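Below you'll find the structure, written out as structure tokens, and then a few comments.
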């Protein structure tokens with residue numbers, strides 16, 4: 001099979017490369033659907049994507065060392081001649097420093113390495129370092145971008161004019177991504193050591209030093225975007241995907257290429273934090289650098305697919321196998337890795353621009369384990385490319401992996417990386433024209449010789465000169481995986497539970513049993529976060545609970561921590577059930593609702609943003625809403641039969657979040673005769689201003705018996721209502737899908753006198769400047785806050801059925817999940833707020849609801 005697949009790789013490469021040369025060259029890239037070249041300025045702008053194009057025949061330069069590796073020596077020699085003769089680098093065009101470095105500078109250096117290798121073997125004797133001269137020319141054109149106080153480069157540079165002056169049309173940017181500034185060292189150090197000019201390496205080292213100094217010292221993580229002048233983090237989310245990925249890669253590979261221990265020390269420090277906070281095998285989930293236990297988003301991007309390959313270089317094979325298997329199952333589910341996918345493996349962004357990172361990790365895992373399973377993975381990649389991406393003029397990117405629609409693009413990295421890794425995966429040692437062990441792959445898969453570590457400009461060579469070999473250095477080498485994993489079934493045992501989780505095809509055994517105990521396993525719909533027996537069952541299944549600061553409870557599963565393989569399988573099934581139950585709840589995302597105080601002295605002026613429930617009366621379908629006086633339920637948590645049922649009857653009950661399911665609360669107040677309910681968050685300081693608005697989920701069972709409306713208020717909004725109740729004793733509210741006009745409120749209450757405007761203001765002032773008192777009744781202490789349970793397998797802000805739970809609602813009050821982990825802007829003491837501020841808040845709520853009405857129309 002490998003021989004046939006290797007030949008298939010060569011045929012596919014020829015199809016892509018020849019169509020570029022026939023239909024696109026000397027343009028930067030091929031447009032495979034229209035069979036023409038993409039020339040910047042002649043095609044409609046695609047935004048930042050076009051910054052990779054510099055009118056320098058990008059695809060040809062990016063493909064040079066691929067030609068050499070695939071034994072296409074004649075084509076390589078012809079391509080080098082074309083680059084030397086045709087390509088010009090002094091174009092008046094603004095390009096990405098990052099993309100130009102890894103694709104063009106890296107391509108020229110990789111091509112130079114191959115040309116030198118061939119010349120030493122008697123081929124290309126005419127070659128006189130022409131590609132290296134072009135590389136130095138390009139390096140000098142990139143250097144002006146590093147002229148900042150921090151040493152971090154500007155994200156863009158004009159190839160002719162640099163970054164200063166109006167003619168450059170750039171140099172005004174203030175931010176860059178961490179990977180953009182931290183993915184320079186391999187190419188610049190190689191250029192310095194090839195040419196003997198230390199300038200390039202010095203600039204790249206300075207940028208890396210600055211990023212290291214700006215890491216978050218407690219978590220040892222870096223953010224995604226940084227200000228190149230001040231060094232302040234602009235985006236504080238941290239992961240191993242887009243925006244950061246190759247920064248970590250280059251720390252590790254800089255150590256391999258340059259032999260400088262400092263790079264490995266930094267990588268190891270970062271890696272320990274990645275495995276502590278970001279890695280939740282098989283998932284890799286972004287977190288906040290200041291609060292690394294808080295997830296920053298609920299999806300993963302496809303660029304993180306490189307990370308298992310990096311873990312192989314690190315020698316950490318187990319998590320590499322697990323994450324790779326998850327990615328493979330997602331690939332089989334959608335034919336390609338979507339640009340982004342959720343933690344329950346659904347499409348988040350549907351594009352796939354033929355990225356090579358998954359093939360890269362597949363190659364490195366095969367090389368580490370020699371498990372033929374990875375040859376099968378490679379075959380799947382080839383088949384999907386031919387079945388779904390191949391077109392008459394090349395291979396077209398997928399516009400939507402769900403529909404199979406194409407996009408008229410074939411990025412240069414497809415030829416630079418994809419075919420390198422697939423060829424190496426299937427090739428035998430005798431098929432290769434040189435020993436790849438003597439080279440390091442850049443992030444664009446360009447080949448740089450490891451001999452550069454002893455080049456004349458090498459600081460490492462001076463550092464280690466005359467030193468005797470230190471035994472401790474052996475701790476800094478990759479372990480022999482054959483010794484680590486003598487059992488050839490080991491990788492398979494790691495993959496099985498992950499496959500079951502993704503494809504949802506894991507059969508339930510006929511013999512039911514508790515994990516490792518011979519009894520039925522715990523079902524997701526029965527789980528209660530405050531049940532000690534359930535917590536013990538989770539522990540045995542390798543599932544742990546993390547109590548988040550905002551009151552949520554997060555479920556995390558580590559199959560390797562289960563008491564047995566059977567228990568681990570049950571744990572994976574339990575997590576999958578949690579995700580399926582949550583998916584059922586998300587079928588209908590409901591818009592926010594309104595709690596409007598309509599009694600004297602408010603008359604509809606106060607509108608509180610409320611979260612809806614996925615059960616009970618749908619206020620959206622009610623033209624009048626539900627109007628009534630409010631009263632506090634006893635017990636306040638509403639988790640048992642109400643002791644003040646005669647008072648609650650005919651009124652809207654106020655309840656505290658926690659200790660039981662929302663549906664259970666609703667049933668208790670409905671039994672007491674309430675006409676509606678409002679659940680108030682017990683997490684002090686929470687507010688719809690600083691957290692996503694949630695919708696309350698059911699209990700996994702039929703909730704058709706609940707007919708009254710139930711709404712959710714965060715602590716800040718709920719406190720306003722409770723303070724009004726304490727001050728005025730009788731407070732009437734309207735529960736509705738949107739705020740009603742104040743004139744309508746007045747017409748339904750007592751006649752309004754001319755002086756009431758002043759009364760409203762003065763009485764509101766008296767109300768909200770009074771000292772805040774404890775509004776909670778006894779019996780509200782709870783050992784486990786189960787307001788929301790999320791699975792780290794899915795790590796969404798969505799809740800899991802079977803809990804008192806809340807889910808994000810669309811529209812007013814919903815915010816970017818990245819901001820959820822920031823400190824709330826509001827503290828719990830509302831007496832310190834000015835009336836003007838409160839009135840402004842109310843006005844904003846009213847305007848927001850009005851805007852929502854317009855959006856609905």
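Along the chain as shown, residues are numbered 1 onward.
Including glycine, each Cβ sits where the backbone N, Cα and C put it.
TrEMBL does not curate its annotations; it predicts them automatically.
Taking Cβ-Cβ distances under 8 Å and a sequence gap of 6 or more within the same chain, the neighbours of residue 99 (active site, proton donor) are 51, 52. Look at TrEMBL and you will find 99 (among others) tagged as active site, proton donor.
What TrEMBL records for 245 (among others) is active site.
TrEMBL lists 339 (among others) with the feature active site, proton donor. Long-range Cβ proximity for residue 339 (active site, proton donor), meaning a same-chain Cβ under 8 A and a gap of 6 or more residues, is found for 301, 302, 348, 349, 350, 351, 352, 353.
Residue 357 (active site) is surrounded by 24 other CB atoms, counting those within 10 A of its CB over all protein chains shown. Residues annotated as active site in TrEMBL: 357 (among others).
Per TrEMBL, the feature Ca(2+) binding site maps to 443. Residue 443 (Ca(2+) binding site) has a Cβ environment of 25 other Cβ atoms inside 10 Å.
The compositional bias 'Basic and acidic residues' annotation in TrEMBL covers 502-516.
Per TrEMBL, the feature compositional bias 'Polar residues' maps to 777-806.
Summarising the annotation, TrEMBL assigns domain 'PA' to 630-721.
The region 'Disordered' annotation in TrEMBL covers 502-521 (among others).
Positions annotated as region 'Disordered' by TrEMBL: 770-839 (among others).
Within 10 Å of the C-beta of residue 245 (active site) there are 25 other C-beta atoms, taking all protein chains into account. Cα separation, residue 357 (active site) to residue 245 (active site), rounded: 11 Å. Rounded to a whole number, the C-alpha distance linking residue 443 (Ca(2+) binding site) with residue 245 (active site) is 10 angstrom.
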